[in-house]
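Scroll down for the structure; my scribbles are underneath it.
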Amino acid sequence: MPRPNTVALVTTIISIVLILNPLFNSQTKNFHLLAKNAVKMAFFISLVPLFLFLSDANAASSTNTAWFGLGAFNLSFTTQFDLYALLFLPVAFLVTWSILEFSTWYMQTDPNIDQFFKYLLIFLLAMITLVCSGNLLFLFLGWEGVGIMSFLLIGWYSARSDAATAALQAVLYNRAGDIGFLMAFCWLMMNAQSVDLPYILSMPPSTLLLVGFITAAASKSAQFGFHPWLASAMEGPTPVSALLHSSTMVVAGIFLLIRMHPLLSQNPTALTICLCLGAISTFFAATYALVQNDIKKIIAYSTSSQLGLMMVAIGLNLPYLAFFHICTHAFFKAMLFLCSGLIIHSINDEQDIRKMGGLQRALPVTTTCLSIGSFALMGIPFLAGFYSKDAIIEAASTSYVNSMALLLTLVATAFTAVYSMRLIYFASMVQPRMNPTLLCDENDSRVLNPLMRLALGSILAGLLIFKTTLPNYPLVHTMPMYMKLTALIVTVAAFAVAYDLTKVFWTIIPKDFVPSKEYDPTFYNQVMHRTITVVTLNSAWQLISHVLESILLKKIGPSFVELMQMTPIKVVRVTQTARIKTYLSVLFITLLFVVLILKLVG
């Protein structure tokens, strides 16, 4: 039987070669189909090392290839194939395969469809690099790769100012987080002389180092304070939203913290920061999702809320639960985005859910998948989200955790049920509220096959991952029945309240569709951006004014001239005594000097 580590390395190389092949043959007529088939083959190949790993739990491995040395500091390309890498790769390949197949239909009228698929493939390669890296240098290459590709894909419709602004906003927020990453990298170069993960994880934890990693993760995973770019990124095409901002790129920050969890677990300060940041993020994003009317913005804020829940799992020192939620979340969130893209295309590019309705007859498969994805997001029993989401909330309930963090998490769970019910109700139920001229057509295999695959994953992925890959620790323990059912009770109660609200408040068709300024998510952008800009400019103005007035003008300008003139003025003032003797003495002395000079000259 071949060694699992060798098989993992070989299959990953084969997958990368398969993905590179279309990129090197980009002039072929059906490039987008070639790209889709390459990712499809990569998915099936990536299952082989996963099955071998499941049969041999101690098969984690790494490979190391020297790159170049800087004296005592050696840089190398290091790969690491453990549970996280071997399980995440098939999930990423399957989701990407489904999104690429959907894109062949969604982007079929775009003249630059081949360029679009190139960007998606390069993004996938960057994500593979990030997941399989065994040191921070290699991980940083993938980290920056997904960042620059997100900029290009969000700004795909760059002629629209909103799309160009959203792309720039994503880059700026991620650059702010990269400061933390580079700070941690430089700290390691100064104090550790190595950036290999096994060496880093064996060090005593430094709070400064961990704060750098948490800052980097917070920006990439859209935590509170760095969250506005995620909703703005919905300006890109829907497949971009599905791939970059639901299932792969935005979990890169959480994945970094999962890699660093041996250090985090030894530092209570870092764990507390993660816990509180995650709780605030999940509550804040869920609150925003309640009042959105753009279908993609609702799903985007739900993504930010779920990322906050993953951060809570990191703060509870349960990284494998965070990873479990990453894998299950990828399926139903990608499916929700694809369903929203199909609905938007079918009703003349309308994204306002108040102008939808009655689509369960026009788009039965799409609305069914939308409902399955929403139920999985809510954590309805035995769907994918139930296994991971409930596990995190149960762990929070039974641990010595900040009670406010637990309360915010439970309230966010309730809000999740409310906005999911609202999404289903406005999109699928009641009477139609859209233009009667519809282009509804889901009878295309390029649409149905991806939705079916992701729906199957949304139903079964949680059970499969739970039964096969989760560790046996902590041991199964007992808890009171009310604590075990807390998440389910909160979800069901919130769903019932939301359904009751539909009969009271959501039955009247709104006469105008002007968005309410009170709930405009750009309010945060304006407050933060204007505050930061005004404070920065005022501080710079005061500093420059002080430098000009106190130093330049006074030391070199009028004050300097005044100082230089004072000495001759004082000399002249001494001679003005109003005494004839002084004047005659000066006259004779002057005549004497003149005579001496004339004699010397003559």
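In case you wondered, yes, glycine gets a Cβ from its N, Cα and C as well.
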Range annotated as transmembrane segment in TrEMBL, from 6-25, 146-165, 306-325, 326-345
6-25
Please indicate, using numbers and ranges, the residues of the same chain that are 6 or more beyond the transmembrane segment (83-107) and have a C-beta under 8 Å from a C-beta there.
8, 12, 15, 32-33, 35-36, 39-40, 42-43, 46-47, 49-50, 53, 60, 113, 116-117, 120, 124, 127-128, 131-132, 237-239, 242-243, 247-248, 255, 258-259, 323, 326-327, 330-331, 334, 338, 341, 345, 444, 446-447, 449-451, 453-454, 457, 461, 465, 469
So if I exclude everything within five residues of the ends of the transmembrane segment (447-466), which remaining residues of that chain have a CB under 8 angstroms from its CBs? That is, six or more out.
87, 91, 94-95, 97-99, 101-102, 105, 324, 327-328, 331-332, 334-335, 338-339, 342, 365-366, 368-369, 372-373, 376, 382-388
If you count every Cβ pair below 8 Å, which range out of 119-143, 197-219, 240-258, 270-291 shares the most with the transmembrane segment (6-25)?
119-143
Where DSSP helix means H, G or I and strand means E or B, what are the helix, strand and coil counts for the domain 'NADH-Ubiquinone oxidoreductase (complex I) chain 5 N-terminal' (67-117)?
29 helix, 13 strand, 9 coil
